[in-house]
Structures are given as C-alpha cells and as structure tokens.
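Marked as compositional bias 'Low complexity' by TrEMBL: A:454-466. Residues or ranges marked as region 'Disordered' in TrEMBL: A:454-478. Annotation comment: TrEMBL describes A:39-59, A:83-103, A:115-135, A:161-183, A:223-242, A:262-282, A:303-324, A:344-362, A:369-390, A:410-431 as transmembrane segment.
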Amino acid sequence: MSNQHTSTLRVPLVSEERTLGQLTEEICAPMERKPSRMWWVAFALAVVTLAVGVGMVTYEVSTGIGVWGLNKTIGWAFDITNFVFWVGIGHAGTLISAILFLFRQKWRTSINRAAEAMTLFAVMCAAIFPVIHMGRPWNAFWVLPYPNDRGSLWVNFRSPLLWDVFAISTYFTISAVFWYFGLIPDLATVRDRVKGGLKKAVFKVLSFGWTGSSRTWHRYETVYLLLAGLATPLVLSVHTIVSFDFATSVIPGWHTTIFPPYFVAGAVFSGFAMVLTLMIITRVVLGFEHLITIRHLENMTKVIIVTGGIVSLAYGTEFFIAWYSGNPYEKFTFMNRAFGPYAWAYWTMVTCNVVSPHLFWFKKVRTSPAAIFVLSLVINVGMWFERFVIIVTSLHRDFLPSSWSMYTPTVVEVGTFVGTFGLFFTLFLLFTRVLPIISIGEVKSVAAFARGSHAPGHASHPAHGSETPHEHPAEAPEPLPTPALAAAVVRKDMPV
Amino acid sequence: MIAVDRFNGGSKTMTLAGAVGIVGLVLTAVGFFTAPQPTMFSYLFGFTYWLGISVAAIIMVAIFHTAKAKWITILRRTMETMGSSVFVFALLVIPLLLGAKYIFPWVNHGTDWVFPGTDGVKFTEVELHHLHHKSPYLNLPFLYVRQAIYFAVWIFVSWRLRTWSMEQDTTGALELTVKQRRFSPGSLPFLALTITFAGFDWLMTLTPLWQSTIFGVYYFAGSFLAAFCVLTIATVNAQGKDEYGTLVTTAHYHNLGKLLLAFTAFWAYIAFSQFLLIWVANIPEEAGWFKLRIEGAWKPLSISLFVMGFAVPFFTLLSRNLKLKPRLLAVVAVYLLIMHAVDLYWLIWPAYSPQGPSFHWTLITSFIGVGGLAVAAAMWQARGRYTLPVKDPYISESLRYVQP
Amino acid sequence: MSPSQSVLLSYFDSEEHVLDATRAVREAGYAVHDVYTPYAIHGMDEAMGLKPSRLTWVCFGAGVLGATSALSLQYYTSVVSWPLNVGGKPFNSFPAFIPVAFELTVLFAGLFTVAAFLLRSKSFPGSKREALPRVTDDRFVLALRADESDAKVKALLARHGALEVEQMEVAS
C-alpha cells in the first residue's frame, strides 16, 4: 500500500526503520524465546485469580444463586453489570479491527490483532454471567430454538434476552472467524520459521496451506473487507441489543430511547480504555515501543475524548428529559441516582466518565504512557459504575415503596467478577506466547512509510510519488493544475 | 493542463434560485393570510429541511477536521459553502418564532390550543397540568433565547472555519490548517448540543406531551444524510470553468457513495431504535405518537418510509459499480433528498393533520422558498472564491487520492 | 489445467520491484502464473490483471438466506407452531423479529463467505501446499509461464531488479 501518494507532513507509522526481515524477526521473537520472569509472575497471578473465580462459580452452581446478594426487588445487579461491562470492553477490538479498517486508518495495524483477541476473551468473560445466573447452567441450551418433546415449546422471540443470545453468539462467532482469518498469513510465517517437530506440524495445520499467492491475497482482501463490513453493523447491533435488555422495559431510568447509541458509545469508550491498559503493558513488556508508538496511544485517547463526550451528552439528555417528561417516577429515579443511597456510585461514575477524559485535551497527558495508563484504569472503573448505577439504582426503588430495598454484593459475586479478570489475563498472556500478537503482514505493508523516500526527513519535494515508475499517471492529474496547488511546502516543525 | 482560478460563474443559478426563493416566500406569505395554520406547518417543514442540511454541513467540516481526513480536502470548500448559508436561516427563523402559536401547542401553557382537524377539542386539565410543569422550558422568551444561542454557535463556527480556510487560499500558511484542526474538536460539543436541542424545539415539541431522548439524534441523522446528498449532487454538477468537479476522481465518488450507504443505515438504525423501544414498551404517554403514525391513515406512509427510505436506497447503494458512476450516484442522492422530505413531512404533518396525510400548496412554496434563498446564499458565498482549498497542505494528496 | 506445470520463478526483495516486473512482463505478453508475496500489495490485482472477486455475491446471497431463514423461523415458531400471548404483543411481532433476523443475516453472510473463500482458494487444514522459501518473510516471487531458455524474459526480469531466477514445477 506504499505506492499511494502521501503528504510529506505525515508522521510515519512505524517509528524506526526496519527491514521486512527484521519485522518478522521482532514480532515473532516473543513467542520463540523463553518466557521472561515477569511473564511467569503475571501468569501465576492470573491463574490464581482464575482459580478463585472457578471456586466461586463452583460453589454458586452447587449451592444456588441464593449465595448472591440479589433479592426480590433487585433481581439483576452484579452479574448483569459485569456482563455489560465485559461485552462493552470487547467492542473496542471489533471497532479497531473492522471500523478503523473501513476508514483506512492504517495506524490500527499494530494493535488490531491484540485488540481482536481481547474481544474474544472479553466476550467469553461476559458470557459466563448470564449462563451462571440461570442457576442450572447445564440447561443453557434451552435458550436455543430447537424442536423438543415439550410440544414443541419455542423460545420467546419477542424477548430482548433472547435477542441477546443471538447477538452475543453471532458476535463471538464472527469475531473469532475474523480474527482467525486475519491470522492465517501470519501462521504461515510462523510455520516457515519453525525448523520442524510438533510445532511445525501444528502450524502447518493451522495455516491452511497458505502460500502467499497474490491470487489468494486478492480474494483474501475482498473477504477481509466483507468481514469488516459485516462486523461493523454487528458490533453496533450487539450493544444496541444489550441496551434493549433494559430499554424495552417500563422501568424508570431504563426505558429511554437514547439507550442504543449511548450504550454503543459507552462500550467503545470503555473498550478503548481497556485496549490502552493492555497495550501500554504489552509494549513495555515485549519491547514493542517502536511498533505501538506514542502516536497509537494518542489516537486512542482521542477516540476516548469523542466517545466520552457522546456519553456525557447522553447523560445530560437523559437528565433533561427525565425532568421535561414530568413523569414523577422518572424524575424520582434520576434524583435518587444523584442524591440517593447510591449517590457515591453515581458521582464516581460522573467523575471518571465525564470529568477525567477531558484531561486528554492536554497534549502532555495524551503523550505520557504513565498518565494514559492511570486514566484508562479510571475510565474502566467509571464505566463499570455506569452499568452498576443504571441497573441497581433503577431497581432498588420499586414502584411500590414497601418493596424498596438495598443491594450489597456478597463475597461470591465479587470473587466471580475478580475471577473473570483471571480468565481474561490468563488467556491474554497465553496468547502473547503462542501467536504473533501483531499482524506481521499488515505491519509490513505500512512499514513502507518508515522506509526511504516515504519518511518526511528524506523527502525532498512534495510530489515525490511521481518519481516511482509504477505510479499510474492516470490516477493523478499531472502536472499539478496551478502553481497554487503545488504550494505545499515541507515543514517538519508543524504538528499537523 | 487544468487551470483553477477563482470561481466567477453561477450568477445565473444564483439569480434563478434567489428569484424562486423570493416568489416562494411571497406565495407562502399569501398562504399565511388565507390559512395561517397549515402555512406555518409547511413553513416549519421547509425551514427544518434546509436548515438541517446547512448545519449538518458545518458539523461535517468540524468532524473531518477532527478526524484529520485528507481525501475529503477537495470537497471541503463545498461543505464550508453549504454551512455558510446558515446566516440566512437566522432571518428565516423569525417568521417561525412570530407564528409559533399556530404550530406549538405549548404556547401560553397550552390554554389557547385547539387541536387541528377537530371542532374545538382542547387540552384536558391533566394535560394542562403537565404542560405547566414543562413551562420553564416551553415558553416563548426562552425559545427566543435558545434560537439566538443556536444561531450564534452555528454562524460563529461556520464563519471561523471558513474564514481560516479562505485565508489559506491566498497566504498558504500552514498555521491555518493547525488552527482549523485545533478549533474543530472544541466546537463539536457545542454543535452536538445545539442540533440536539434544535431538533427537540422545532419538531419534538409539536407534540409537547411526548418525548424521546433520541429525537435530536434522529433529526441530525436525517439531516446529515441529506447534506451528503447535496454534497454529491453539487460535486457531480461542478464541471464548469474553475469548478472543482473536474478534479474529482472516481475514488472520491466511491467514498461519497459509501458515506451515503453508511448514513442511510445510520438513519434507519436510529429510527428503528426509537420505534422499537416505544413499540415494545407500549407506555400510554409515549405510544400515542407512534400509534398515530402506524395505525390508520398514516400507516401506508410509515411503511413506505421504511421500504423506500431505507430498504430501496440501502440495497441500491450496496452495488460497487453504482458508487463509481457519478451520474447514477447523483440520481440516488436526489432520491434520498426526496425521502428526507418525506421523513420530515412524516414527523411534522401528523401534528397538523392527525386524520391522515393531506396536502397544502404552501408545502411546495415554502420548500422552494426557503430552499431557493439558501441555495442563492450559498452561491453568493461561493462566487469570487476558489471552489476548493487550493493551498491546503493536503490538497495534492487529496487530488491524487486512490482507493487504499 | 494440469495438476502441475513448469514456471519460471524470479525473486525480488521489494514490493516496488515486483510490481514493476509484473507490469513489464505482462506488457511484454507473458502469462503471469502467480506472484507470491509476504503481504497484500496494493495494485497487484491490476498489475496481474485479476478480475474483482465474485465472493461479494456469495456474501450477499448468504445474507439474504440468513434473513429469510430467521424471519421464517420466527414466524413459524411464534405464529404457526405455538402461538403464545406474551405481554399482549401480536403473534406476528415483526418489529421484534428484526434483531434476530439481523444477527442471522450477519452470521450466515460471514460464515458462508469464509467457507467459499477456503473452497475457492483450496485452503484447508492439512493442506500439503508449502510456500516458496522466504515468501512469508521478506521475498517476493514472480512466477511466469515461461521457459528458462528464453533469454529475453530473463533480461527483462533482471532489468527490473530480479535477484535470482529459477525454473520449477508447481501445482497449478
């Protein structure tokens, strides 16, 4: 993709010069060397946390969901909060891999693989909660419409919870396919690097006989584009349907029409925060600072400002309409959120989600990995509280004051939630060991920006594209129309 | 060799559009004196249609600057020009404010309102009580203040970005690009808030006892799509002397086509979200707005809006070949503009004619009246200037844009 | 096509060179068997004269199939097989059927397209095909339906930066 005419003002995507061979070498290195001590420490921690989660879930399933803090009034709390939280985190992966691909944002190339993997792991964590909330998870297949000997008694297609089943399972399937599809060429690279033995055999099977044929590449690119085109509306639909779980009800604070776009924006917001958290750790631990550059981090913080702004706008609109509607229940719910017994949760949410992203307006903050890391954690906390506030504060004050109640999570619930982090990090750490976490092929295709004539420091005049012999003259009007049009001068001091 | 100089054509278009606009508005005024209420509803239709496009164009410029989009540079001047016509609407809003009592039932706390199409049905006690609750927002002085704020924001943002952009035509200073890119993200929150509340004010409060938090986004989505349509049509037709259309490549059209497709889907997504949530929840205070539209005489129009406004253009725009053919793309854009008009009619007219779709001749006159003036204003703004930002640092990149 | 054929392989070390060479040999009238590259090269489809893939049609067809299956399933279960009054909603709650219809559209379109791709490019787990040396790393290989003895093509390739030229039997 390097034969595109590029302005000399562009900043290169890969910050140090590398040959193609060096790129292969570097990206494959983490999976070929022995794991570092830090990796083992992290892995041990993750596995221990996972074990806690497994223990809690085992206890819960064998005892019954009475071990949770739910009651007659608050029938949904921690579990669904965590479900929405994890699904939301997954969305950034698809956004980076599909939507940024459609927008031809080339900076996505060094983070998309890891982000997609993150999507898969996050969706796995999310799916745990509704399944264990069923109480009898071995009957989970009852949610599928299959002919049965009860009549056939079918699932209720008018229920948003069933839409969720379809949405989440489709999302997981398509994300997995998209991710694996993107991996095939890189699996072949790994296959060709391995000398022999079991690893070679495994990668040989996994890489589907990839030869790097341009005829296949041509089809591959078409399919990749199609998958991106499918994944884009899919990711929007998933969180839209998650929001339908609440918004189709008649519960004040849940039933509001802005929920679909607002949930999607919130999901992207929290997901990007999670990608940042992971990427900042990964780039340091694996030494990928020149591939996952400050510029990548900065771009993601900008996405956070925008989505954070949309989320804030939605909070404001909801509050305004709650008053404007004149509906006493709506009004009460919103006043109760801000000043009731869960006000602490509400103000935590506002501080983390509405106030803190604005620190990213400062370039200093946007370019400091340490600051971004802290803020990304703050936003993750804020978005978790957003779901908690929506779910619990709306439920705990029922229409009937005699049913008013409070909710406190039990150790089992907290343990299960912590356990999902264990699962997430265990899978992610394994992923960094066994597969190339950066898309080798895609990074190579953008590495041209860092090579020779494409880097700003090397360019002598703006229209260098016309030098390369393969440039189609037909694609560009040449010579440039007027002297005025060619007036762009090379300036390296401008932060354009 | 293509030479681009300052644009001095288009005087015919400008005069014609201006004449049509004035004639349209005069006829609308005549309509007002014969039948004030339907005329005011028609005027609201024409006004919100064209204003939405203009404001959406301002938002578009701000978004593309924020996203640092480079391919669009060649089309940016047209968007800036579309946005610059917003000042005309600051004048055109005045009749709307003066005639507010004919369209907004909440004027004077709803006590004077008689439902159109009925013989003297007024708000009940309970309804009046609810309206009274809303009166801190729904009152005329505050409406005037809000309009002043909206127009101040729109005119300022449009003027600021466009002035910098045109200054660059002569100086070529790179600092101006930096300024535009710094200013745009900061302006977006204000643009988002104003368009949201403008949608509430002009369209949602026609049914003052009904509310939907997504409504502002809905108005924005439709207007944004319409603005892309106008941009496409303008580009296809800008083939004359000193016009930028000759420099536009199929890659640009391909992208415009994709944007039309994306925003057709986005509009449908927002519309469906709003409908489904209200339909499923079926709460009396909300369902009425849709009940009026999906049952009885308005039902056929609602269904055709779904089919003709979403399904037909969506499947048409999926075709890659179509997106590469400027003329065909322009045809689709015109079609979508008609659908946007139907959408606004569907939003506005049931408030006037709940018994079923009806036609009033001022719908046409106010549509062409407001539209004629807006187009004339945009042409007036375009004349004497370059039709593309000739010294933008990214213009050569944009001119040579190929599909990546 | 025969199961295997003899092609002339020429090795390059950069995207620019292999693109130039491909254009040049095609202009000179040689048939390009294939070009093996470590990553997708923009413009290679034009250089090789490849037609746009028809997989988009598979995707569209599968999407339509998914939507119709989903709608029929929902209609059959909710209206025909066991109509049940849930919350006073009509048996045929079309608006409520759209989310599932959408999901299955995407699911079918995605799975069928990838399946069609794998079939068309004969890729499957256990495939015996192997890549040429260093192609998945940093080498670009142009495979021509030409013979080693043809000095003209060798000169042409050398002029466009071929590092090495060899004759080889490949599966077609």
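Cβ coordinates come from backbone N, Cα and C, glycine included.
Ranked by Cβ pairs under 8 Å to the transmembrane segment (A:344-362), the stretches A:83-103, A:262-282, A:303-324, A:369-390, A:410-431 are led by A:369-390.
Between the transmembrane segment (A:410-431) and the stretches A:83-103, A:115-135, A:161-183, it is A:115-135 that has the most C-beta pairs under 8 angstroms. Stretch with the largest number of CB pairs closer than 8 A to the transmembrane segment (A:115-135), among A:161-183, A:223-242, A:262-282, A:303-324, A:369-390: A:161-183.
Contact count against the transmembrane segment (A:223-242) (Cβ pairs under 8 Å) is highest for A:161-183, out of A:39-59, A:161-183, A:303-324. Recorded stretches compared: A:39-59, A:83-103, A:303-324; the one with the most Cβ pairs under 8 Å to the transmembrane segment (A:262-282) is A:83-103. It is A:83-103 that, among the stretches A:39-59, A:83-103, A:161-183, forms the most Cβ pairs under 8 Å with the transmembrane segment (A:369-390). For the transmembrane segment (A:83-103), same-chain residues at least 6 beyond its ends with a Cβ under 8 Å from one of its own Cβ atoms are 111-112, 115-120, 122-123, 125-126, 129-130, 168, 171, 175, 178-179, 182, 224-225, 227-229, 231-232, 234-235, 238-239, 242, 263-264, 266-268, 270-272, 274-275, 380, 383-384, 387, 391, 420.
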